[in-house]
Amino acid sequence: MSKAIVLDSHLKEKGSVELPKRYEGINSHNLYLYVKHYLSSARANTAKSKNRAEVSGGGRKPWAQKGGGRARAGSITSPVFVGGGVSHGATNNRNYNLKINKKQKRLALEYALEEKAQANKLFVVEKIAIKGVVEDNKRKHLTKEANQMFQALEQRDTLFVCMNMDEYTELAFSNLKKCLIIDVSELNAYLLAAFSSVVMEEAAFQHVVQDKTEE
């Protein structure tokens, strides 16, 4: 059974906690479906070309129907003219979103957590809190303290997951390129798969692994 590594206040390993048994044997296809859903939902539908009804001009017939030796033409907005409308071009009314049901979302999240635990990249700490130093009635050195925390983990990049994150902690991690800190309500399978390691507050971890199959 996969286990998450429990860290002490100095980010040193002090034990482990098992993931629920239901996390075993989940099909990886659920994660694939969720990643497709996540990326397609984020796709900006901005591609747009004008058809012959939308381009300007074309109010008169460009030349006489007969006698000129050229092919007949009724409007310069025709797609055969340079500057005319585009046939079968992109439209901005297309919906790229791919549907996925709640069960597949849950299974994708559980599979991603299981993968991190098997790779020994899932860590649990009691609290993630950055307070900094108060100078001149201002909190300073927030990012420095957050970076020290990240460096102590000795990981390539890290996703931090908090339960009820405070503004100072969020601000502290905002300038670190290889870190992202989120509230547990924002956690999803894509973010778990995108980062090489995950650090969760104990309360956030318990919230995520509680049985939601009855919901």
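Quick reminder: no glycine exception, Cβ is built from N, Cα and C everywhere.
Since we're looking at a predicted model, the values are computed, not measured.
Helix, strand and coil counts under DSSP for the region 'Disordered' (46-72) come to 0 helix, 0 strand, 27 coil. Taken from Swiss-Prot, the feature region 'Disordered' covers 46-72.
Annotation source Swiss-Prot lists compositional bias 'Gly residues' at 56-71. When Cβ-Cβ distances below 8 Å are used as the criterion, the compositional bias 'Gly residues' (56-71) is approached by residues 77-78, 83-84 of the same chain, each at least six residues removed from its ends.
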